[in-house]
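Listed in TrEMBL for this protein:
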TRANSMEM  20-42  transmembrane segment
TRANSMEM  54-75  transmembrane segment
TRANSMEM  87-106  transmembrane segment
TRANSMEM  113-134  transmembrane segment
TRANSMEM  140-160  transmembrane segment
TRANSMEM  172-194  transmembrane segment
TRANSMEM  214-231  transmembrane segment
Amino acid sequence: MANNVTNRFHESLTRNALRSYLAEFMSTFFFVLVVVGSGMSARKLMPDATLNPTTLVVVAIANAFALSSVLYTAWDISGGHVNPAVTFAMAIGGHVSVPTALFYWVAQLIASVMACLVLKVIVVGMHVPTYTIAEEMTGFGASVLEGLLTFVLVYTIYAARDPRRGPLSATGTLAIGLMAGANVLAAGPFSGGSMNPACAFGSAAIGGSFRNQAVYWVGPLLGAAVAGLLYDNVVFPITATSDPIRVGSDGIAV
């Protein structure tokens, strides 16, 4: 048992593994930069951004375009997680090893913090926006909503990456991005429509407010795990021969 854990840890430090962590860092950095930056841009153009529906559309479009693009660039290297909830689901389902998943989380969280820090430094006089829940929502309700949104997003990711549907194309990443954008339109005014613990963590760390931060971790992690397990074991059961994305010798999902 101890040898197996040690081997898994060493497999997570190979050259290919390090490349995947760098890919996750870069893709998460650019995703958070665009998403949080779009919120700041909306506030610059519309001072009453919280009451203007145009802001919601701008952020939703930014989510859709950014996620589609970064997934397309990172898919063949790291699997294009860009989200700790996605990584959690992949680890639960056995697509990546636990040590690899932990390194993915570190890369994603650092990238998010750095992206928000860059925005804070270069956009002088503006606060980095943080995810908040509406007065009509309780913390539990917001967590459930974020969980449902993440469930739909991760289920779409699993469907798009399923090798039985054929090789991944730009259409697959676009479908994932469009789902993310639709989720923001549906829940942005209520829970923020984060679906991504890294994005919420980075903006909170630089924005200086960790209020209701658990909402953006508990709900998305549970929703992602249920989506992955449901897809792999109930809706489209996988076999060892039909799933080349299972953990390989490097512990990386490819």
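Here the Cβ of each residue, glycine as well, is placed from N, Cα and C on the backbone.
Those TrEMBL annotations? Automatic predictions, nothing curated.
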What else in the chain is close to the transmembrane segment (140-160), if you only count residues 6 or more beyond its ends and a Cβ gap under 8 Å?
85-86, 89, 133, 168, 172-173, 175-176, 179-180, 183, 186-187, 190-191, 193-195, 212, 214-216, 218-224, 226-228, 230-232
How about the transmembrane segment (113-134) with the transmembrane segment (54-75) - do they touch, taking at least 3 C-beta pairs under 8 Å (6 or more apart in sequence) as contact?
no
Count, for each of 20-42, 87-106, 172-194, the Cβ pairs lying under 8 Å from the transmembrane segment (54-75), and report the range with the highest count.
172-194
Applying the under-8 angstroms CB criterion, which one of 20-42, 87-106, 172-194 scores highest with the transmembrane segment (214-231)?
87-106
